[in-house]
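These features come from Swiss-Prot:
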ACT_SITE  H68  active site, tele-phosphohistidine intermediate
DOMAIN    6-150  domain 'PTS EIIA type-2'
MOD_RES   H68  phosphohistidine
Amino acid sequence: MKLRDSLAVNKSIRLQAEAETWQDAVKIGVDLLVAADVVEPRYYQAILDGVEQFGPYFVIAPGLTMPHGRPEEGVKKTGFSLVTLKKPLEFNHDDNDPVDILITMAAVDANTHQEVGIMQIVNLFEDEENFDRLRACRTEQEVLDLIDRTNAAA
């Protein structure tokens, strides 16, 4: 499933969210996927367990994190949620803190995870100005329009 379609169909966008800790921020993204029946509630704990084991492996660029677990950790279908934070948070990453954009991903298999999920997110942020454009979005439609413009330019 495409990033844009998943966000639109699942109504899984939350802008200017408030969170006290990185764990709270991750939970916001996972809860959107739980509400859309994309993942089971246990997916949240699986992500936390992954961080405990491997560190903040999903902080992939300055200000951007892509929380995700493994397919067998509660994924029902492939989907994404997108959360922007009102106040950036520390994820304990050496290079890319603080974070204020979270794209939570659930993939049914490793191939989908790598080829579909990561590539769509890389495409969105290939234009670094899209970080600030996304931070400026205040409605779901503005986010979807930004993704549409990026896809049209690709």
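Including glycine, each Cβ sits where the backbone N, Cα and C put it.
Under DSSP, H68 (active site, tele-phosphohistidine intermediate) is assigned to a strand (E or B) in the three-state scheme.
Predicted-model confidence for the domain 'PTS EIIA type-2' (6-150) is 94, expressed as mean pLDDT.
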